[in-house]
Protein chains: 2
Amino acid sequence: MSGAAGGIRVLLADDEHLIRGALAALLALEDDLTVVAEAASGPEALAMARAHRPDVAVLDLQMPGADGVSVARALRSELPGCTTMIVTGHGRPGHLKRALAAGVRGFLPKTVSAQRLAEIIRSVHAGNRYVDPELAADAISAGDSPLTAREAELLELAADGAPVTEIAARAALAPGTVRNYLSSAAAKLGAENRHAAARIARQRGWI
Amino acid sequence: MSGAAGGIRVLLADDEHLIRGALAALLALEDDLTVVAEAASGPEALAMARAHRPDVAVLDLQMPGADGVSVARALRSELPGCTTMIVTGHGRPGHLKRALAAGVRGFLPKTVSAQRLAEIIRSVHAGNRYVDPELAADAISAGDSPLTAREAELLELAADGAPVTEIAARAALAPGTVRNYLSSAAAKLGAENRHAAARIARQRGWI
DNA sequence: CGCGCTCGTTGACATTTGTCATCGCGCCGC
DNA sequence: GCGGCGCGATGACAAATGTCAACGAGCGCG
């Protein structure tokens, strides 16, 4: 099931051409790694994976269409033999949690070096897991989301600054109910108001 | 004043090791480009520029310490012979405007290819300017900030969801005054309230 | 100079938002 | 079955926020 003579077959997905191309060139220097496909969006990454059946998929977290975690989840069911890794610029604790739940085997920030990335690709391909220590520490200290499903949902609707009446309309709820949930969410997050709460929740990756 | 035998001397500043390293490797393949220094933060970029006096400085917009535009401004006065370029993941219209005001000669998103980047480096080094067409269109359609200095200042203080009283204290103003500015800013931006206004202003790069 | 203009500032008033006490519902253990 | 418990929902009340009209300071212009 592993790569052919060329070594480990890698899929690279990142919407930033500059980075993707540069990365491809750099990984190509490693004898045992072969970049067999590149993609600039979530759907494209999926299509490429179906067509080229890579051993390892290196996915950016933020891509147009579908984020890295969604792609990883889809790959897990469609191509069980393909190991997935997430690479991200700014890692939010919640993302890491969701990524691991989606079967991702590696999670690291873009601050690592290319050589380190190559090592990690080999490592996860060999069956190990790798999570960036700092991101792991953040995730642990941030802990689980204390929000109920309803609270998270309403907080997300409130995140763009919409007034309560609009949120109530969109959620088909009474305005008072909405206020109550948001108030509760803000209290749990230690925020002064729902807007600050939304910021915190987003920062932690909880919405 | 131009580069020595090695060609155009380039400084690369980006906090993402992965990208910076990969980019350096890729640019090194071009005969007429030499990466003489790399930096992972704003201050480091400045120090490196002072030490190595590059012909062209390629700066990421978002870096720890000081953003690319600040670095460009500092370089403009300290090393007039050094041409500056900004490379960014998500370009906001206001950033482009500020960058041009800071004397930046090139502004492009990370979605361009490495080869294109090399061409643009040569072009700006030759005295031309380059602005990504799409970013330019965004900037033009977004237009100038309609906010007065005070409005922008207070909107920025309001951006993290702080209550009005706290903003008033930080700005040494009466709460009513703060409300009035924020209200005015929200009206100009077509927002329902100050939080939505802050989002819009940030998106447009006006704060 | 005196005029009109804009910006910064303020307090009074209406509206929105946050807090609280309360109620109904479904679920689990006993 | 039934009492306790947590979640979802609601309205009354208090506090924060947004809206409005107004005033003074600075500035360009006839």
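Backbone N, Cα and C atoms are what each Cβ position is placed from, and that goes for glycine too.
Keep in mind that this is a model prediction, so the values were computed, not measured.
The domain 'Response regulatory' annotation in TrEMBL covers B:9-125. Look at the domain 'Response regulatory' (B:9-125): DSSP puts its residues at 55 helix, 27 strand, 35 coil.
What TrEMBL records for B:140-205 is domain 'HTH luxR-type'. With helix defined as DSSP H, G or I and strand as E or B, the domain 'HTH luxR-type' (B:140-205) counts 47 helix, 0 strand, 19 coil.
Annotation comment: TrEMBL describes B:ASP60 as 4-aspartylphosphate. The Cβ of B:ASP60 (4-aspartylphosphate) lies under 8 Å from the Cβ of B:ALA13, B:ASP14, B:ASP15, B:GLU16, B:GLY68, B:ILE86, B:VAL87, B:THR88, each of these being in the same chain and 6 or more residues away along the sequence.
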